[in-house]
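The structure appears right after this line, and notes come after that.
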Amino acid sequence: MAVKTYSAGVKEYRQTYWMPEYTPLDTDILACFKITPQAGVDREEAAAAVAAESSTGTWTTVWTDLLTDLDYYKGRAYAIEDVPGDDTCFYAFIAYPIDLFEEGSVVNVFTSLVGNVFGFKAVRALRLEDVRFPIAYVKTCGGPPHGIQVERDVMNKYGRPLLGCTIKPKLGLSAKNYGRAVYECLRGGLDFTKDDENVNSQPFMRWRQRFDFVMEAIQKSERETGERKGHYLNVTAPTPEEMYKRAEYAKEIGAPIIMHDYITGGFCANTGLANWCRDNGMLLHIHRAMHAVLDRNPHHGIHFRVLTKILRLSGGDHLHSGTVVGKLEGDREATLGWIDMMRDSFVKEDRSRGIFFDQDWGSMPGVFPVASGGIHVWHMPALVTIFGDDSVLQFGGGTLGHPWGNAAGAAANRVALEACVEARNKGVAIEKEGKTVLTEAAKNSPELKIAMETWKEIKFEFDTVDKLDVAHK
């Protein structure tokens, strides 16, 4: 066996980390980066630099390389592809041995894949487009506390999307008035109401008061309707200790579901909370506040499909996923891709939807995608078509903005939803025939009729900033 010797100095990254002959192992974590190199840096060197800086490399040769099996532990840039329609950047595919990462730690995965490498001078911009987590790593993660089927059983709701609403105005209401709004929405026909992402424990409404008034509203609406109801109580807090204190109180008063802002709250806190929810029989709703800071720039950051995968591993029963038709960013095909990534047990590579790798989730439960943001009754046919039954459709302004009040807004949405589901089940192409379906339903629902008149001119027709790259042929 040849004896390794140390040779000091700086050498090109490609000499160690560019390996086009490498065939990825089933146990490797695979990443696709979109790299925009600095002028004068060729593709192979840029790809190798990213592989090095996100795994074992540093800027110079170090003698301690001789104390480990560098060839085993290093990341390997094994393929490069053009980005269709954009010659300023390219895709680089990198394989990482599974032993580089702590088991069950999305924190550790992100620290490597999107850590210091994103400030590396050799690249002008860098975006993590997709990650393949091998089943060997998936099995080390807790995943959703309960998942879609368990939630349906807990809430006793089957055969349709779940219906929700974000209480508005999101800030400024007293706890008592907040609880009143919750009650009216639930009594009117919604399954859930929710805190908005920035409702924590402010001077105008402390968390414990909110929890108490909301629980009173839930219990009253359940008695009157005979249906299970819930409200996503946001337990996001300044410290993990305070977060768990709020979660424990929610459990104590009988709340079925709590909520966490998983990006601003942090992945460590989220994984811990998901584990707590699993142990304590609580459902967990996840808000994605701050995601667009990371995912909206098409050349730099982290694609939302990666944030979706990370959340499924970290744990959550719901995740906001965009609407396609509402006020928030979201290309239709890309959205369909990450919705499947949230719910399905196996997802095939499909470049037309931005999916770069097969992803096997094994027996890990799925996550409810949550459509929320600028939607109203006219969007219902498209939402039911796009998201299917295993989803949560949340109408904030589209409920509380009803001219007759919250209960009427909730009733309008419930009637619209059930009309669309019934028509779909009869074979009607509801996205195409939606106007007819809703108009017919409105004949027996004055609340729906008024809602349709109120929002008939409201559209959000802005071009998508982060478009899918043209599919490879």
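Placed from the backbone N, Cα and C atoms, the Cβ positions cover glycine too.
According to Swiss-Prot:
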| type | residues | note |
| --- | --- | --- |
| BINDING | ASN116, THR166, LYS170, ARG288, HIS320, SER372 | substrate binding site |
| ACT_SITE | LYS168 | active site, proton acceptor |
| BINDING | LYS194, ASP196, GLU197 | Mg(2+) binding site |
| MOD_RES | LYS194 | N6-carboxylysine |
| ACT_SITE | HIS287 | active site, proton acceptor |
| SITE | LYS327 | site 'Transition state stabilizer' |
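The recorded positions listed here (LYS168, LYS194, GLU197, HIS287) include HIS287 as those with a Cα within 10 A of the Cα of HIS320 (substrate binding site).
Of the candidate recorded positions, LYS168, LYS194, ASP196, GLU197, the one lying closest to ARG288 (substrate binding site) when CA atoms are compared is GLU197. Most Cβ neighbours within 10 Å, among the binding-site residues ASN116, THR166, SER372: SER372 holds that distinction in the structure as shown. Looking at LYS170, HIS287, ARG288, the recorded positions in this record, the fewest other C-beta atoms within 10 angstroms of the C-beta turn up around LYS170. Taking Cβ-Cβ distances under 8 Å and a sequence separation of 6 or more, the neighbours of ASP196 (Mg(2+) binding site) in its chain are THR166, ILE167, LYS168, LYS170, LEU171, ASN234, GLY396. Note: the CA-CA distance between HIS287 (active site, proton acceptor) and LYS194 (Mg(2+) binding site) rounds to 10 Å. Each residue contributes its Cα atom, and for ASN116 (substrate binding site) and GLU197 (Mg(2+) binding site) those atoms are 29 Å apart.
A simple Cβ count within 10 Å picks out one of the recorded positions LYS168, LYS194, HIS320 as the most packed, and that one is LYS194. Counting every protein chain shown, the number of other Cβ atoms lying within 10 Å of the Cβ of GLU197 (Mg(2+) binding site) is 21. Rounded to the nearest whole angstrom, the C-alpha distance between SER372 (substrate binding site) and GLU197 (Mg(2+) binding site) is 12.
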